[in-house]
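According to Swiss-Prot, the disulfide bond annotation covers Cys40-Cys83, Cys50-Cys67, Cys68-Cys110, Cys81-Cys120, on the basis of similarity to another entry. Under the heading N-linked glycosylation site, Swiss-Prot lists Asn46, citing sequence analysis as support. Taken from Swiss-Prot, the feature GPI-anchor amidated asparagine covers Asn149, and the record attributes it to sequence analysis. Marked as signal peptide by Swiss-Prot: 1-20.
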Amino acid sequence: MLTTNTLAVLLLLFLSLCSGQSPPAPEPIAADGPSSPVNCLVSMLNVSDCFSYVQVGSNEIKPEAACCPELAGMVQSSPECVCNLYGGGASPRFGVKLDKQRAEQLSTICGVKAPSPSLCSVLGFPTISPAGSEDSSSGSEGSDKDKKNGAMTTKYCGVALNSLALLLLFTFLSLS
């Protein structure tokens, strides 16, 4: 039987293999990741004080005072929803177009340790591209092909991670 330490090492090894892939970010739409944006609706509502800071065109120098405690609560209760925030999950539901740089810097500004956008991508959650970047793309066939290949890599890493997580769960349950 595998020990807990062996399983942890295998998980870390697998994560490092998948994180070596660098797929381009998907379009800034609310695509479903492993956890549907509907599951994060309450968490998104709870960080609504952050929206005025992270929206495209915001002139605010810092987030509202209530934003940082709300973000810390989201990270503690449902960190996958932070990935949803990076992925634009707030955009269609609340009419907020997110500025990628501001969304990614929010945890640093608030002093909250949150999942990084690159980790969210590895785990299969969409992340948004920089504001306006889709308008400035050349639209060449080569770049479209690269985007599709990157999306496939992320998809398969996400599926493999989910399978590995289930394997770990069953192993831990059988050890009990």
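Heads up, the Cβ atoms here are built off N, Cα and C, so glycines get one too.
In terms of C-alpha distance, the listed recorded positions Cys40, Asn46, Cys67 place Cys40 closest to Cys81 (disulfide bond).
Using a 10 Å Cβ-Cβ cutoff, Cys120 (disulfide bond) registers 22 neighbours. For Asn46 (N-linked glycosylation site), the same-chain residues that are 6 or more apart in sequence and have a Cβ closer than 8 Å to its Cβ are Glu70, Gly73, Met74.
Calculated from their C-alpha atoms, the gap between Cys110 (disulfide bond) and Cys50 (disulfide bond) amounts to 11 Å. Of all the disulfide-bonded residues given, namely Cys40, Cys50, Cys83, Cys120, those whose Cα is no farther than the 10 Å limit from the Cα of Cys68 (disulfide bond) are Cys50. Counting only residues at least six positions away in the same chain, the Cβ atoms of Pro63, Glu64, Cys67, Glu70, Leu71, Leu106 sit under 8 Å from the Cβ of Cys50 (disulfide bond). With the fewest other Cβ atoms inside 10 Å of its Cβ, the least crowded of the disulfide-bonded residues Cys67, Cys81, Cys83, Cys110 in this structure is Cys110. Cys120 (disulfide bond) is 5 Å away from Cys83 (disulfide bond) when you measure Cα to Cα. The sparsest Cβ neighbourhood within 10 Å, among the listed disulfide-bonded residues (Cys40, Cys68), is found at Cys68.
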